[in-house]
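A.B. asks: Once you've had a glance at the structure underneath, I'll fire off some questions.
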Amino acid sequence: MTTPFVLFPAIAGFPLGVLRQLGVTTAAQIYLVVSVFAVAGVSIIGIFENRFYVLFAEQSIWKYFRIPFFLLNYLLATVFFIPPYLSIPDQGLALEQVYKKLPPDLPTWITREPIFVLATDFTYPFTSILIMVLFIIGENLLFIFGIAFNTKCMARKMTLSKATLRMQRKFLNAIHVQMYTPLLILGVPLIYIALSIYFSFHNQAANNICFLFISFHGLTSTIVMLLIHKSYREVCISIFCYHPIRKTTPVVESRRQSFVTYVIPHHN
């Protein structure tokens, strides 16, 4: 829907996606992209919270607070970027400052594009994003700690069987992999972007590669989920793959009953 072409170290760029062709403003596209990433972070919280709730909190007071908790989280994910959005500078003056940060020999196909400057000072967007990231990571760690702590307590009290505990640990490890894989994919380009801004270093090829990596985080997360969760993998295989089903049908032959196995084609 949108393909950002960002000119780091300047907090500026222009979109190349479908939304631009539909007339959606660059400012609105930036707000949408940032909010979508925040909502994705809240959905990761939901994975851990659901496991914590099902295992340990169904009969606790938490069942009354979980819905308001998520409503508040999703609300924050959609409004946290309002301060930078409302602080967008005058584009004429801002572009003058941006061109001072960028090489003078920029290609003409870049300079003739409608470059949009989100901020001349990185403080507002950086602070808003950092607060939301810490908020999401903190809540994830809280539920992870709650699951691990309660699992250990049950193991000491022997209220869960060894097989159940083993399954819970296996599931928790799988969730860790599912969570940390996209964080790693996002973390590497974000570190480069931060260093690029801090040292005022411009390399457009590196900028584009960073956003290419970021765009793959959804696909990578889906592949990892299918690899580590057997139930999801089996459902996808049953939907997209053709398998003959062996069905046993009773047949009467010459005074005795026998069972003949037929292979009946079946589409799932």
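Every residue, even glycine, has its Cβ placed from backbone N, Cα and C.
The shown structure was predicted, so the numbers you read here are calculated from the model rather than taken from an experiment.
As annotated by TrEMBL, transmembrane segment applies to 30-48, 69-86, 126-150, 171-199, 205-228.
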A.B. asks: Using a Cβ cut-off of under 8 Å, list the residues of the same chain at least 6 residues beyond the transmembrane segment (205-228) that approach it.
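C.D. replies: Distant contacts of the transmembrane segment (205-228): 3-8, 174, 177-178, 181-182, 185-186, 188-190, 192-193, 196, 236.
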A.B. asks: Should anything in the same chain at least six residues away from the transmembrane segment (126-150) have a Cβ under 8 Å from its Cβ atoms, list it; otherwise answer none.
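C.D. replies: Contacts with the transmembrane segment (126-150): 34, 38, 41-42, 44-45, 48-49, 51-52, 55-56, 73, 76-77, 80-81, 83-84, 168, 172, 176, 179.
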